[in-house]
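J.: Got a structure for you, written out below as structure tokens; questions coming shortly.
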Amino acid sequence: MKRIFSGVKSPKLSAPPKVFKNDESPSTPSSPKFDQGLRSLSASASRLFSNSISTPGSPTLDLPQEHSINGDISPELVPIVTLLSAQAHRRYHYGIFLILHDLKTDGTPAARQWEECYGVLLGTQLALWDAKELSDSKNNKNTSTMKKAASRPSFINFTDASVRSLDANDQVIIASENEKTKKDLDNVLVVSTTLKNRYFLKFKNSKSFKTWNAAIRLSLFEFTALQEAYTGSFLSSRGVKLGDIKVVMADTKFTYEDWVSVRFGTGMPWKRCYAVISPQSGKKKKNSKGSICFYENNKKTKKSNIMTTVVDARALYAVYPSSPILIDTSTIIKLEGFVSFDKSEEPQETNLFIMPEKHQGVPGYDTIIRFLIPAMNAFYLYGRPKGLIANRTDPDSLLFALPTLPHIYYLQVDDVLSLTKDKNYIHWSAADWRNNIVQVLQKKLSKGYKGCGNKTVSVSSGMMKSPAISSAELFEGYDSLPERQMESPQKSKMKSPTLASTDDINSASASVNSHATSVKQTELFVTDNSSKINDSVSAQSSVTTNFKDTFTTPMTSGMLNHENSERSFGSGLKLKITDSNLENMEDVEAKSANEFSTTPEDKHIHLANAAELSALYDKYSTSPFGKSEANSSPKPQKLEVKDRSKNENRSPYERYVGTSAESKTFEIGNVRESKSTINTSLSSPLRVEDSRRSKNEDLGSLKEFEELSQKISNMGMANISSEALSDTAENSSFVTDLNLNINNSSSVNLNEEQRVPDFGEENVFDPDYMEQNQMLETESRYTTDEFDFSDNQDAASSNYSNGQTNRTVTETLSASDRNDKIPHSSLFTNLNQLTSNGGNYQDREDFSGDQINKPQQSQPLHVKGPQTSSFGYRNSSANSSQPQAPYPVGRPLGKIRTGPLTVQPMQQGGNSSMYSFQSSQHRFHSSQQRQNQSLSFRNNTYGSGNNQNTFHPSPQLQQQPQNMRYLNNKLPINDRSPIPQTQHHVPDGRPSLHINTTNRTNPLTAQSGFSQFMPPNSTSTNPYSS
């Protein structure tokens, strides 16, 4: 049978929503009020990056929620996603500086005019506003103009940018209309987000320059470190799902080949290549590494087809797709290393994006893991191929210096600022900055450092649910700011009236929501003039957004050929800037040096207000972790100033840490101290798990994943329930080894220590399950109405029986018996198949037809008596596929079990519902025994396929005969042994042909052989039919 890989299907993402109307507004889509209605907040954030123009008449669509795909994210990913969200919304620094857009994205000259900007570094994105426009709006006291100016920032993405400081070797030629002068630019950073564009950022003094430089370097370091940590948690949570993970993790000398798409530079198109990962060759030097060769086609034997070769790698990690719903589908890998385009040239330091192509029926995480592991082995990264390093104090580990929650940051800006005391820091490359930051962390880790960041900081729900930057984050200050701003109070650099202070901007932007914080709940409505503005609306300010062409940069994530930029700067940068206005701007700065002052920290708006305002900027109304239910239609966003602890839509960080009103200790729920994620509680039935993964001790190669899982789990404080779950898994050998589940709706009730989480549906993608399913299909031919071979036909014979016979037997079963522990047979891996249909005639006395039709009302049975022999009760728990009808009392049975078998009758009112018999008295004729066994094997081969609610014998009955046969190590193929009959011992060994029917409490003989398949018919002449 063809193997089907496990995993969820790729989600079909719908288009971003355009417009939705308020619940309180009964307007129709054609009404003007609907066209001007409140727009989707997430769509507004996306248009801030895409600069798209909205269409009022577009249909309403919703973004898919994560829990609609695969439920809660893996416990290993919860701390990492929390840290990634916190880093994306961390404000590293803000202030005023000059910017010059030198080259556009296509390499053509830009305006090349110095503009004064107010900038905020939030995560790895620098938001920019025109300082003159903000100042004019403040001084003119024009609220509408102020809102319009505040809601249209431009962004520079530093994620994959090349950042370099100008030094004494760099000369800038400033060409004016009259003359050309050479002038050295001090305190200038050169930023290139693509291979062709370029920006110059000039700061007013050395102090400001060092602070901005340190803040940018720290943001880039934290982003890369968290991507590596995400890769480690991704491997630990998804690696165990691969069926052949043991082979993937093995240290082999074989090459790995696959089709990939490669982007050799930001702004460059994706190129489809055939990648070949070659490990170290035995003929090479001892310290040599492997390589990754990219070919134009799969004819790799031709050397002329080689496009490029990666000869070394400094970092290799999976890129977090910015949203948890895309984790299982994203296959983008970033490689930082040295690439050779020609053998005659020296390798160049650069970054590559690699995206392995997905295969049909294979989930994305399967594809990316199969590429990551061989690539790490080739370049000896993160401890591979020996084993992934899980020690957070090791610089080579994927989890190096990972903050332990509730700490959410690696370092403060002041910690990196201390590195600028080195005189050579201005010449450092990106790798030098990273190495020096690692040294700072190593010193702190040696003293037990666990990270920084306010332990009581409350991250707003908007920050955690959406990668978009909220207006409140851009303007308002909160605890993530550095304790001391390096930007000294300065005046505006322009001739216009003084620039509004940050506190004034806060008050102006906060005034957009009319009395938003003065009431408990406030709903937003779009102003009347919103339809007159062309671009997307900002939900926080309720106005639209326009980007200025001089500031607009492409927001697509990319990377820069770092070697090219280093080569252009290495011998001294020579720039020619025509019509520069730098001198005029410097004159303005000198004249207004004492008029501008930044906002004191004690004037910042309270954090709760900032969190509430930022919540208006986000579309998502449910948690990205799937804890709350998704809504089919978006709801109007609301502000709740009080009782925020009762809000169901709190951010994931708030749900773990708790708000200030709760004073809750930070905990990570459901993060066990176990070595895998197999027995974690899953809330969605779509979550597919492989039961074979429960025995991770048999997979030696998973030790690396287990260590990563433990380290990541230690990032948060495990709760009591997780520890109890781990202890239960260790103490119960049946539950741990076989991954058993108990259906709560069944009649079998277990104690709390025997309960294990319900995994929902069976793993239909498991090859073993499919083989079992094929076996069940074969059995269905014997249970359909067409063949009429089901054991349920025996129910017709129940018309002859007395309905009250032995009814008192079941009434004697006490409640305490139902709560007794019932050990489970080691032959089953899922009790959900065994706990829904009631017992059979082998497990109890005769019942009436009503009792048989209500198997859920049957009582649990317990075995009492000596150990069975090798023949009697042969795995009766595995062969009770369907409830059996009682046989008529007082009528001769068609098939009498031959062979002397002395059995003790059942005691009335006892706790045992089965007959105890002495195995030493079992004596059989060899010919009759072989005949009975052969008939049973033929007729009941698949009798246990759909078995449910089957009685499980006690440990003393679990010993199986040596001649038991198994199919694929799953279910035994054996006969359904009839219940032992009460017969008088005959000295000559011949069986008795008559049954005493006067005592109705005596056990009845069950049919066996072909007679049980004969339909009951009163006119039948078949001597074997009853």
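Numbering starts at 1 and runs along the chain as displayed.
Using N, Cα and C of the backbone, Cβ positions are placed for all residues, glycine too.
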J.: May I ask you to name which of Ser651, Ser684, Ser954, Ser977 Swiss-Prot has annotated as phosphoserine?
T.: Ser954
J.: Quick one: which of 1-36, 541-576 does Swiss-Prot have down as region 'Disordered'?
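T.: That would be 1-36, the stretch labelled region 'Disordered' in Swiss-Prot.
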J.: For the candidates Ser50, Ser461, Ser592, I need the one that Swiss-Prot annotates as phosphoserine.
T.: Ser592
J.: Annotation phosphoserine per Swiss-Prot: which of the candidates Ser538, Ser580, Ser745 has it?
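T.: Matching Ser538, Ser580, Ser745 against Swiss-Prot annotations yields Ser580.
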J.: Please list, for the domain 'PH 1' (90-221), how many residues fall into helix, strand and coil according to DSSP.
T.: 33 helix, 56 strand, 43 coil
J.: On average, what pLDDT score does this prediction assign to the domain 'PH 1' (90-221)?
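T.: Averaged over the domain 'PH 1' (90-221), the predicted model reaches a pLDDT of 87.
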